[in-house]
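In what follows, a structure is listed as structure tokens, so that the remarks can point back to it.
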Amino acid sequence: MPCSTNDELNALVKEAKKVLQYGKVADYIPALQKANAEDLSAAIFYPNGRCISAGDIEQNITLQSISKVLTLALALMDCGEEKVFSKVGYEPTGDPFNSIIKLETSQSAKPLNPMINAGALAVTHLIKGESVEERLQRLLDFIRALAGDRAISYDGEVASSEYQTADLNRALCYYMRKDGIIDEDVEELLDLYTKQCAIQMDCLDLSRVGLIFAMDGRDPVREKQLIPVEVARLCKTFMVTCGMYNASGEFAIRVGIPAKSGVSGGIMGSVPNRFGIGIFGPALDEIGNSIGGMKLLELMSEQYDLSIF
Ligand code: GLN
């Protein structure tokens with residue numbers, strides 16, 4: 001039985017909130033420090049269009065690393081698998097999401113996977129368009145279609161706060177440019193990437209995007225295939241193997257669903273053929289995942305038997 005009432009979800013959120021005291025909001029992007037560490041909200045979107053929620057689900061959250069799934073989908077639709085995987089690999093790293101070490105030590109020059117920063121930068125590089133504006137516009141149009149929300153945009157303050165402090169991502173770009181993985185102006189790529197990470201939506205929209213992946217790219221409400229099946233499956237597989245950074249293995253055991261987190265405290269979950277999940281809880285654990293969100297998903301998985309394994 002899936003979680004089916006607001007009351008049930010509220011009870012789980014209340015229980016999960018007990019761990020918030022052990023978390024901390026991200027501070028390496030200065031604008032993210034403004035978030036309230038006590039927040040934890042969640043929405044679930046079902047294929048029949050019904051949704052349930054708990055907490056303040058109307059506040060906007062920036063996608064941060066959750067955007068990596070969406071740019072991967074668009075780049076695959078733009079350029080095809082062969083081109084994308086000539087620039088990025090398939091394997092989990094076991095390192096923090098912003099680590100540079102494997103670029104130097106692994107045999108191939110390619111970043112290991114599209115869910116770490118290096119891999120995501122290589123994927124964003126592939127988004128088609130004549131200018132940063134056009135590429136961003138195409139990405140926004142794609143995300144608006146997935147969420148069914150024309151109002152989705154990016155938070156300019158968060159984007160410029162990250163851009164100004166993005167020296168590690170800058171270093172990743174230069175490293176990859178040296179090896180020919182990317183060949184565009186690094187500042188332009190960072191401009192696009194930081195705006196991509198600052199795209200914002202509320203938990204309800206996030207759960208709706210999660211549902212599209214859960215349904216293999218099809219929007220069951222509008223009865224439209226928005227992402228090709230094979231692209232949606234590929235993205236979901238990366239969500240399982242690399243979606244929660246270097247906690248993906250433990251998450252697969254404790255929760256067992258395709259999911260992707262971001263340092264804003266967002267988590268998008270896709271329970272295959274059942275429902276999409278959007279969570280916002282800005283207090284993070286030491287790896288950078290929403291501490292309350294992880295707990296909530298664990299409780300949901302236990303109670304509603306969500307594991308795909
Ligand atoms: N914008 C963030 C960064 O590149 C995204 C990282 C994340 O959410 N883990 O550092």
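Glycine too: its Cβ is placed from the backbone N, Cα and C atoms.
Nobody curates TrEMBL annotations by hand; they come from automatic prediction.
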Listed in TrEMBL for the substrate site shared with Asn117, Glu162, Asn169, Tyr193, Tyr245, Val263, one of Ser53, Ser65, Ser301, Ser307: Ser65
Entries of Ser65, Tyr193, Tyr245, Val263 (binding-site residues) sitting next to ligand 1, with Cβ under 6 Å as the cut-off: Ser65, Val263
